[in-house]
Amino acid sequence: MSIVLEAHGIRKQFPGVLANDDVSFDLKKGEIHVLLGENGAGKSTLMNVLYGLYKPDGGEIRVNGQAISMSSPRDAIEHGIGMVHQHFMLIPVFTVAENIMLGMESVRGLALDEKVVAERVRELSRDLGMELDPNAYVHDLSVGVQQRVEIVKALYRKAEILILDEPTAVLTPQEVEDLFKIMHDLTNRGVSIVFITHKLKEVLEVADRITVMRGGKVVGSTTPSEISEAELANLMVGREVSLTVDKAAAQPKETVLEVSNLRVLDNLGTVAVDDVSLTVQAGEILGIAGVQGNGQTELVRALTGLARVSGGSIRLDGQEVANASPRRITELGSAHIPEDRQKDGLVLPFPVMDNLVLNTYYLPPFSQGLVVHWDRALENANQRIEQFDIRTPSAMTHVGTLSGGNQQKVIVARELSRPIKLLIASQPTRGLDVGSIEYIHGQIIKRRDEGVAVLLVSTELDEVLQLSDRIAVMYRGKILAVVPAAEATKESIGLLMAGITEKKPA
Amino acid sequence: MNKRRFYFIAAIIILLYLIVILIGSAQISPLVLLVSLLATTISVATPLTLGALSGVFCERAGVVNIGIEGMMLTSAFFGWFGAVFLNTIWSVPPLASLLFGVLVAIIIGGLLGLLHAWLSVSLKVDQVIGGTVINILAIGITGFLNRQLFFEKNSIFGGQIPHAPGVLPRISIPFLVDIPVVGKVFEQQPIAVAAIVLVIVANFVLFRTRWGLRTRAVGEHPRAADTIGINVYKMRYWNVIIGGMLAGLAGAYFTIESVPSFEPLMTNGRGFISLAAMIFGNWTPFGAWAAALVFGAAQAFQINLQQFRAVIPPEWAFLQYSYVVGMVPYILTMVILTGVIGKTVAPAADGTPYEK
Ligand SMILES: Nc1ncnc2c1ncn2[C@@H]1O[C@H](COP(=O)(O)OP(=O)(O)O)[C@@H](O)[C@H]1O
Ligand SMILES: [Mg+2]
């Protein structure tokens with residue numbers, strides 16, 4: 001098969017990082033070529049170079065055998081390259097049709113001709129076995145549908161080469177299956193696809209060929225028949241990693257957290273958490289599965305005192321804490337690993353040392369009266385850095401300059417280094433590399449075995465399935481079901497995440 | 001603009017008019033009074049409408065422009081200077097001089113727009129600071145040049161305040177103007193008419209054309225626009241320049257259409273009230289126009305009530321104090337800005353420089 005797209009010796013330097021170091025890559029007509037690598041490996045950078053968004057510092061790009069110079073996405077589009085970005089490039093307040101035509105508008109006289117565009121959008125989406133309403137506003141659509149808009153947007157520009165940058169990160173398992181179907185439809189029609197991911201299972205399912213990147217370099221090229229999941233993981237991370245979580249059966253004891261009929265409004269005043277009741281026992285992990293945006297964020301914010309509770313009760317160790325201050329909840333023995341670590345978990349311009357005592361600095365031994373004993377905080381920091389293997393030049397380094405994995409370790413170190421009864425962990429491993437994930441999962445299991453009640457919120461279904469003892473599925477603000485982990489399968493939870501509850505036979 | 005906002009605006013204007021008509025009907029027939037109120041409203045609303053349209057173009061493209069006040073003031077001065085120069089030194093007939101003055105005002109506005117675009121799009125200076133720079137610059141330049149050019153002994157006009165070319169004549173809309181009494185409403189000066197036409201044009205451009213779609217795209221999500229090959233910087237530059245030209249036309253209103261003279265600081269905060277009108281109008285041309293009409297009506301209310309001071313009934317005695325009625329337009333501005341009639345939403349990338 002002919003090679004449609006070829007990158008040769010691409011180099012891209014960012015301040016302080018060599019994001020692409022002599023990277024070569026090629027794509028054959030009609031194939032799905034997976035580009036695999038951990039966060040920060042340089043995958044998006046390479047694709048942005050191929051799409052004309054970044055100017056490479058060296059190397060050559062060929063389309064259909066011809067060397068081309070790319071200075072803007074316009075050049076890429078002209079050569080039939082389309083890209084669905086990791087963060088969608090749609091304008092929320094525009095309609096589907098407006099988003100799709102933007103930059104390639106049809107006009108009659110001076111006015112936009114929306115009818116022609118709408119017709120073409122309907123046609124293209126029907127070809128792919130889906131229905132897109134050209135007049136719907138993008139902000140009203142689910143992420144899955146938004147992604148289809150992105151795909152149709154590329155096809156509208158007559159893309160023959162489609163780059164999908166981590167398209168599955170935001171989808172439910174069913175949506176992932178649908179996406180794979182669409183991808184195969186497209187390749188059957190001769191479209192060639194670059195598919196970027198760091199999820200190993202998907203790779204083996206869809207790839208025709210696989211290229212693995214690490215630290216800005218290509219470290220291997222293979223096909224699914226030649227390699228196993230474990231070997232892929234080792235190649236991607238560069239060392240032996242364990243993909244499974246080892247844990248003993250849970251020994252649940254007394255109830256630590258009891259939530260009844262909880263109601264929380266989001267900042268627009270709509271009901272985000274709707275009549276939720278749940279309990280978490282000491283020594284067990286309750287996992288909350290669900291697609292992003294189904295009320296998990298608001299639930300956690302209410303439990304940690306960061307959002308107003310507008311109905312129901314939250315009892316922590318027997319005490320009512322609905323609408324209590326975050327400090328009171330913390331002092332009652334609740335630890336919080338927040339969803340957005342940079343916004344809610346750390347003060348980025350502060351040193352590691354300060355961040356490690358953010359919730360204890362006013363207590364002995366760090367404070368006496370009005371005086372803070374920084375020497376003790378420093379001593380504490382050095383111990384934690386050692387104990388939790390935080391990779392930082394020193395305790396005085398600003399936390400904002402650390403990598404995502406190490407920032408998360410700072411939070412974990414702070415939250416787990418005091419006596420706690422409850423751990424609320426929200427997306428604890430989002431965006432982290434396999435090595436850090438392994439470590440943080442280990443820490444969570446360790447606390448459970450010590451008798452801490454753990455509430456785990458994650459949109460990664462695999463994570464919930466691996467760690468939890470019981471699984472609750474959240475959909476549109478409600479808990480649809482709570483099932484023992486032993487009885488849960490990826491498929492059954494996936495259906496619930498999409499809001500489908502099986503009808504019981506009458 | 002949504003229905004609620006429309007009713008709110010209509011209600012305020014009718015209320016203001018009713019108070020004046022009730023009080024004034026002792027002296028003047030209500031119909032004549034209504035016509036005069038409408039005329040004042042439209043006239044006062046003219047620079048506010050144009051100023052708000054200026055804001056709409058800039059902010060829809062993602063550039064906050066609080067320099068509209070300064071752009072108006074500078075254009076008012078140079079437009080006036082251009083017209084007077086042609087008329088007195090080169091003896092060009094008044095009308096041609098005045099039209100030239102309008103052209104100068106628009107060009108000066110456009111150049112200040114270019115300056116603002118350069119500061120905020122290329123240099124990525126904080127846009128509020130960039131706008132403030134223009135406002136301060138405007139006060140300094142116009143104050144200084146006004147003294148140098150018009151009042152210095154050895155200036156081109158020889159220290160004599162020149163004979164003015166007058167103001168732009170009224171144009172009347174055929175047929176409608178012949179209606180008895182009410183017909184007077186259809187006799188307006190050119191910039192007032194232009195402002196209304198420009199509202200319609202701006203609405204079409206922003207919401208029906210390729211240019212408008214791309215403008216709104218770079219104001220909402222510049223990176224998305226960039227990824228499909230739209231030149232974000234170019235769109236922002238041009239829209240800020242267009243905005244500057246609209247502010248320039250608003251400036252011409254002060255010295256070429258309203259009164260035939262320039263005075264320091266004569267724009268008197270109208271540029272800022274324009275921004276309030278833009279926000280109240282939810283960044284749409286028609287909304288901004290409606291808001292400008294509210295301020296116009298409030299001004300008409302104020303001017304007329306002062307006339308009828310003598311006949312204000314004793315139980316409404318508080319309306320006799322000129323500072324009470326004089327506050328009305330400003331109180332309305334504040335009330336409207338507090339968002340009592342629902343939240344407005346700015347373009348998502350408004351005020352944020354785009355980094356590639
Ligand atoms: N615009 C940018 N400016 C500076 N550094 C960047 C930029 N984009 C990416 N990087 C850096 O380049 C490296 C590769 O990033 P990226 O290509 O996004 O990785 P991946 O997509 O594989 O997760 C990372 O270290 C990242 O921090
Ligand atoms: Mg990436």
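Start at 1 and count along the chain as shown; that gives each residue its number.
Placed from the backbone N, Cα and C atoms, the Cβ positions cover glycine too.
TrEMBL entries are annotated by machine, without manual review.
Features of the protein shown, as given by TrEMBL:
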- B:7-26: transmembrane segment (TRANSMEM)
- B:32-58: transmembrane segment (TRANSMEM)
- B:70-92: transmembrane segment (TRANSMEM)
- B:98-121: transmembrane segment (TRANSMEM)
- B:128-145: transmembrane segment (TRANSMEM)
- B:190-207: transmembrane segment (TRANSMEM)
- B:237-256: transmembrane segment (TRANSMEM)
- B:276-298: transmembrane segment (TRANSMEM)
- B:318-341: transmembrane segment (TRANSMEM)
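Packing against the transmembrane segment (B:276-298) from elsewhere in the chain are residues 1, 5-6, 9, 12-13, 16-17, 37, 40-45, 48-49, 51-53, 55-56, 59-60, 196, 198-200, 202-203, 206, 328-329, 332-333, 336-337, 344-347: each is 6 or more residues past its ends and has a CB under 8 Å from a CB in it.
For the transmembrane segment (B:190-207), the partner stretch with the highest count of Cβ pairs under 8 angstroms, out of B:32-58, B:128-145, B:318-341, is B:32-58. Under 8 Å from some Cβ of the transmembrane segment (B:98-121) lie the Cβ atoms of residues 54, 58, 63-65, 67, 70-72, 74-76, 78-84, 86, 92, 127, 130-131, 133-134, 138, 165-168, 191, 233, 236-237, 240-252, 255-256, 353-354, all in the same chain and six or more residues away from its ends. Here the listed stretches are B:70-92, B:128-145, B:237-256, B:318-341, and the one with the most C-beta pairs under 8 angstroms to the transmembrane segment (B:7-26) is B:318-341. Contact check: the transmembrane segment (B:32-58) against the transmembrane segment (B:318-341) gives fewer than three Cβ pairs closer than 8 Å, residues 6 or more apart, which falls short of the contact criterion. Listed as Cβ neighbours of the transmembrane segment (B:70-92) (distance under 8 Å, sequence separation of 6 or more from its ends, same chain) are residues 47, 51, 54, 98, 100-106, 108-109, 112-113, 131, 134-139, 141-142, 145-146, 149, 156-157, 162-165, 244, 247-256, 261-262, 265-267, 270-271.
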